[in-house]
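> First, the structure itself, so that you have it in front of you.
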Amino acid sequence: MSAIPSSIPLRNDLLGEEPYGAPQLDVPVCLNVNENPYPLEPDVVSSIAQRVASIAAELNRYPDREHIELRQAFSDYLAKESGTRLRVEQLWGANGSNEIMLQLFQAFGGPGRTALGCDPTYSMYPEYARDTFTTWKLAHRHEDFTLDVDRTIDAINEYGPSMVLVTSPNNPTGTVLPHDEIEALLAACEQAPVTGAPEGAHPILIVDEAYVEFRDPGTPSAVSLVPKHHNLAVSRTMSKAFAFAGARVGYLAADEGIIDAVRIVRMPYHLSAVTQAAALAAFEHTDEQLSTVAHLRQTREQTASWLAQQHYHGENIRVAPSGSNFVLFGTFERRETIFQDLLDRGVLIRVVGPEGWLRVCMGTDEEMARFRQAFTEVLALHDQA
Ligand SMILES: Cc1ncc(COP(=O)(O)O)c(C=O)c1O
């Protein structure tokens, strides 16, 4: 509960609001925030230490505001990872993709503007909308969590949003958005007007690819569409597959016009010299940083099929097909009790998504064994109840 006294003039629309965030609990098995569970290799750690040491004496100076060297590293990484070479002017970094998203809302949202999302989806989007006074509208997904493209296009035409947000793979469902559906949305955005904007403006499509490195090999990334579409912005992060959540580095791949719009609203020197140095060091070890991704993909497949063989009150558990490093499963009459019973056994997962569903993130082999053991016990407990 917050302790904000009424004598403090909090913004009216924030009265009664609580800070958002997954619980940070000290438990043996944390499978709740979709991190890569494997720690960094010693040679990556020493590169980070060396890079940071080499700039430490210059911390009296502000960092490179335009973080050019890091933007070049994003370009090199994406050329390798997605097969698309972008120019530095088409790339932008920030403190996590959370900050990238907030900057997009600051640049393209605001009073009189609407952002459109496709729920169930990432629960931070409405918060960015609230914080920037942007109206938040939804086009619901199909029952199987795939995108309802027709409904989304209808909503684009009805609301005239300045921003359309889709997430692929989606959080919390894991659903991958096929390339042709992204192209259909882009085509709709390129025609639609924007309510509250000067004539001739069209919505931008934002594809949040926070988990995209976990996709099946050979699947294209939306980054490959950036050179052809002025209204496309692809958000990426080093927090998930890249195993760098603690460093807080996200980035944006988009047309130069979108990057220049974001540069208007960014805080001066938003990306510290320490962050830039650490990220550059990590990019020197891209292969090592991504070396656990194939294994985590395998862990996901094994966990999904194991969960699908489990029963709750005589019924098979449902598992949403996932292209990410987490799995959404359900449905449970009272999901909070399942969550709590797992927590009592030292396993922290997440109560998130549509009513009745729970999300588990892929951990190490040992952590997943503990999850399976705890979940088996919890199911037996509930069967007796
Ligand atoms: C869909 C999605 N986008 C963005 C983020 C933000 O990640 P970060 O700020 O660590 O890059 C998350 C984090 O969980 C996420 O699930």
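Cβ atoms here come from the backbone N, Cα and C positions, even for glycine.
Taken from TrEMBL, the feature domain 'Aminotransferase class I/classII large' applies to 31-374. The annotation N6-(pyridoxal phosphate)lysine is assigned in TrEMBL to LYS240.
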> State the count of C-beta atoms found within 10 angstroms of the C-beta of LYS240 (N6-(pyridoxal phosphate)lysine), not counting that atom itself.
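Other Cβ atoms found within 10 Å: 28.
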> Give me the mean pLDDT over the domain 'Aminotransferase class I/classII large' (31-374), rounded to a whole number.
97
